[in-house]
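Novice: Annotation source TrEMBL lists domain 'ABC transmembrane type-1' at A:74-301. Positions annotated as transmembrane segment by TrEMBL: A:21-46, A:66-99, A:111-129, A:165-184, A:215-235, A:281-305.
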Amino acid sequence: MTQSPPETERAAKTPQALGDRVFRGIAVGSGGVIMLALAGVFAFLAIEGYPGLSVDEGLYSPATSFLGYVGPLIFGTVLAAIIAIIFAVPLAIGIALFISHYAPRRIATPVAYLIDLLAAVPSVVYGLWGGRELAQHVGSIQVWLHDYLGFLPFFAGPPSASGRTILTAGLVLAIMILPIITAISREVFAQTPRLHEEAALALGATRWEMIRMTVFPYARSGMISAVMLGLGRALGETMAVAMVLSAKPIVTLNLISGENPATIASNIAVNYKEASPDKQAVLIATGLVLFAFTFAINFLARWVAGRSQRRMAR
Amino acid sequence: MSTLEATRTPDVVLVEPRLPSWAPLLVAVGSAGIGALLWIFGASLALGVFAAFVVFLIVLPVWSALIESRRAAVDRLATSLVWTTFLIALVPLIWLVVTVVREGMSTVSPDFLTYSMRNVIGDAQGGLYHALLGTLLVTGMAALISVPIGIFAAIYLIEYGKGKRLARILTFLVDVMTGIPSIVAGLFALSLFVLILGPSIRFGFGGSVALSLLMIPTVVRSTEEMLRLVPDDLREASYALGVPKWRTIAKVVLPTCLGGIVTGVVLAISRIIGETAPLLVVAGATDSVNTNLFDGRMTTLPVFIYQQYTYSTPKGLSYAWGGALVLILIVMILNIVARIIGKIFAPKTGR
């Protein structure tokens, strides 16, 4: 924690230099603790999860191997996240544009604050609201979707009476990831060089053409990274999915039936209580898979964002 | 406009025809009327509003395309769509708050806040006292762990590590860390303590460790931003007086941006106070009051809500809604406190 790096420029004899070294040591140490913690997440999940790869076959029920167990869960996780992204991205980009380019200055700040409030609502409250209130209303929409679009595999039905389906869960997830996508897009939109925008307007572009010609190209990589960060959030969100769905580890594209695929995170939360040490190891191993997944996506998102920043700085 | 009109001859038209400035308003009123008519004739309110939006989104661009040009019509459509997305985004926020207040109002009472769930059977009065206490302890401990680490890491990044390779890696890792799923943080704390203390360990401190993993990146981020706002002149003035670096940081830099840092910390607390999944996994749940972080299971408010929800009895659900109302109030109060602190101390940073 307090290991101090050698500081050769100044002799460490005066008490002031000592103070400097200690303070610097604490600061560096804190940074080290963060790195250790991140490495620790990998290490401890691996140590505790490894036995979960080969336990008694009955624990993987209904599958018989770890891959068979985690496969459908990955499918469910990705499916819910994709539904969330489909709903959230157009909305978030619209709101970000509204805040950065359309809204009168006076209301832009309060609007940004309101959207941030969406992020402040705890996930368990989203779960409660999604499972008890939103599900009822989505239920009737699902019946309509089944009646008119039932030929698509997504709406094959039969529609669940309670409305607690993966579609509802995806909607709740969409609301939850809306603030982060909005916040990041809004920032990159606002950074568009004023001169580019004015040049476009001076050439006779309408406001929408100006946005398409100057704002979007400038902000493209920022938007991509925002979407990926939102995706990472959606993949790892637990409670909202666990509380909306009564899920099974199955693979189906049917979004509106009573039988829904579980996600990795919700599966852990739901099965945790009655877990034996072996089952616990299995769940931790699935957690490791989830972590690797989200880590890779976040890594990629930050890399894209960082690359564009470096390009802009040039 | 008027000069153009004055100089224009009957043959040469210099401006394209434009819709009058009240056109969007007229179309808005018209489509609202159609929606209201639908509602009166028996359609549901949601359908009426939906129809009004669709009518608006079709009529205005079409009118514009007829009078103005195709490009202007596209522009008007884009503008309407952007405004629509904003209005749509308000729906869940308002809907959620209204629902929680409506359902939770009848449950929240002084008794609800001061009773625990110990030995509560049937219709007996229970409450969330134990969960409130648990939330306070677990979150407080998490803040105790993460605030010093977070602030010092930010000091390293801004004051010592500028431009260094280690600092760049750390910034990147902190960014990636903000994306760790909360349940993974819980599993991490669990694996750590299972390894040390045996497989059936569940205790409040584990929850604190899990939460601090989620809290540290937020604290680092906000502190970093605040430190960056402190003008370099202040630091240089201090160095010029012969003050060593660490005293400059402690006595000049930190006090200058203290308000911002505190705001960031309070916001970070409000973010983690609602975390459920990690606590469910590592702190477990209990019905009685437990004030010892290091021994025995400990219920926090979000876990209490989840627990009551899974009973799915009428009483359990009403307790869940009541708990949700209390939790939302706490989060909102923390948010408002953070803004007030930010406002009070804002002038000190000089921008």
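From the backbone N, Cα and C atoms, a Cβ is placed for every residue, glycine too.
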Novice: Name the range, of those listed as A:66-99, A:111-129, A:165-184, that has the largest tally of Cβ pairs under 8 Å with the transmembrane segment (A:281-305).
Specialist: A:66-99
Novice: For the transmembrane segment (A:215-235), what are the same-chain contacts with Cβ under 8 Å, counting residues 6+ beyond its ends?
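Specialist: Same-chain residues near the transmembrane segment (A:215-235) but 6 or more away: 77-78, 80-81, 84-85, 88-89, 92-93, 97, 100-101, 173-174, 176-177, 180-181, 184-185, 187-189, 191-193, 196-197, 263, 265, 290, 293-294, 297-298, 300-302, 304-305, 307-308.
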Novice: How about long-range neighbours of the transmembrane segment (A:66-99): same chain, 6 or more residues beyond its ends, C-beta under 8 Å?
Specialist: 52-54, 60, 108, 111-112, 115, 166-167, 169-171, 173-178, 181-182, 185-186, 189, 211, 215, 223, 226-227, 230-231, 234-235, 241, 247, 249-251, 253, 255, 260-265, 267, 282, 285-286, 289-290, 293
Novice: Restricting to the same chain and to residues at least six past its boundaries, which positions have a Cβ under 8 Å from a Cβ of the transmembrane segment (A:165-184)?
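Specialist: Contacts of the transmembrane segment (A:165-184) (Cβ under 8 Å, skipping residues fewer than 6 from its ends): 76, 79-89, 91-93, 95-96, 99, 112, 115-116, 118-119, 123, 126-127, 129-130, 134-135, 138, 142, 222, 225-227, 229-231, 233-234, 237, 240-241, 244-245, 247, 255-258, 260-261.
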